[in-house]
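Here's the structure, in structure tokens; my notes come after.
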Amino acid sequence: MEYPWDDLTLAFSRTSMFPFFDIAHYLVSVMALKQRPGAVAAAWSNPLSSWLSAMLHCFGGGILSCILLAEPPLKFLTNHTNILLASSIWYIVFFCPRDLVSQGYSYQPIQLLAAGMKEVTRTWKIVGGVAHANGYYRNGWIVMIAVGWARGAGGAIITACEQLLKGDWKPEGDEWLKMSFPCKVTLLGSIMFTFQHTRHLAISKHDLMFLYTIFLVTIKVTMMMTKDAAVTLTPFEDTLTRMLFGRQQQQFSLSEKKAEVKPSSNGSASSASKRGTEPPSSAKRHAKKED
């Protein structure tokens with residue numbers, strides 16, 4: 001006997017991402033590119049370079065997953081329909097008369113709708129990446145996690161490499177050095193879908209897809225409406241750190257902070273002592289001049 005919940009989650013898992021969800025993903029990705037300093041001027045002066053950057057933003061996850069599996073990185077170019085769709089979004093975003101697309105996107109309801117639909121595509125990408133890796137390495141769960149994570153959040157890493165080639169790379173924006181919240185959530189989702197695929201997690205795939213997508217959309221909409229990026233996995237990370245490494249990590253960080261404070265206090269004291277010793281020497285110089 002089938003229940004309404006099963007019908008709902010099963011129908012949701014069979015939802016096609018083309019064209020509406022893909023359009024939302026391309027729109028959010030290209031708008032993020034346009035908001036970079038100098039992106040509009042670069043598009044007018046060098047449209048080909050701007051188009052390549054847009055394609056990296058839109059298909060970066062697929063490119064990185066292909067690299068991890070030793071597949072041709074340009075494999076995404078074989079999907080002509082999606083390339084034409086993403087190129088159309090890039091063109092109307094950058095070259096639409098009177099910038100009508102950007103003006104329409106500036107309304108918060110449209111941003112919330114597009115961002116929520118983009119998070120739905122993230123779930124599908126993770127599931128596709130896990131299944132793709134399983135085709136090469138059956139039940140190789142480490143590879144499956146890596147490829148699922150790369151497919152879902154690899155766009156940020158690929159665009160960081162693009163910024164490095166252009167000379168605009170900054171260490172604080174590198175996903176390898178400092179993972180963002182979407183990158184962490186994608187890694188968590190890749191782990192869950194991998195364990196579900198290898199039957200280590202007792203839940204059906206369509207149920208997990210539905211619940212994980214609801215979680216992603218809720219968090220994303222909440223962060224955008226409150227304009228607060230403080231929704232993080234810090235409590236979970238702190239708990240996991242205590243379980244695996246104890247409290248030594250916290251004590252080490254506290255000792256580092258104390259070590260940073262001590263040199264500054266010593267430096268101020270030494271400078272004060274130098275100021276205190278300066279008047280006698282200057283007085284001696286004046287006395288010699290008077291003699």
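Glycine residues also receive a Cβ, built from the backbone N, Cα and C atoms like all the rest.
Swiss-Prot lists 264-273 with the feature compositional bias 'Low complexity'. For 254-291, the entry in Swiss-Prot reads region 'Disordered'. Annotated topological domain 'Lumenal' per Swiss-Prot: 1-16, 70-80, 123-138, 198-206, in sequence order. Look at Swiss-Prot and you will find 17-33, 48-69, 81-99, 104-122, 139-156, 180-197, 207-225 tagged as transmembrane segment.
The transmembrane segment (17-33) makes no contact with the transmembrane segment (207-225): fewer than 3 of their CB pairs lie within 8 A, with pairs spaced 6 or more apart in sequence. Across the topological domain 'Lumenal' (123-138), the model assigns an average pLDDT of 97.
If you look at the transmembrane segment (104-122), the same-chain residues 6 or more away from its ends with a CB under 8 A from one of its CBs are 15, 17, 20-22, 24-25, 27-29, 31, 152-153, 182, 186, 189, 213, 216-217, 220-221, 224-225. Non-local neighbours of the topological domain 'Lumenal' (123-138) in the same chain are 17, 21, 61-62, 65, 69, 144-152, 186, 189-190, 193-194, 197, 205, 209, 212-213, 216; each lies 6+ residues outside the stretch with a CB under 8 Å from one of its CB atoms. Within the same chain, residues 55, 59, 62-63 sit at least 6 positions outside the topological domain 'Lumenal' (70-80) and bring their C-beta atoms closer than 8 Å to a C-beta of that stretch.
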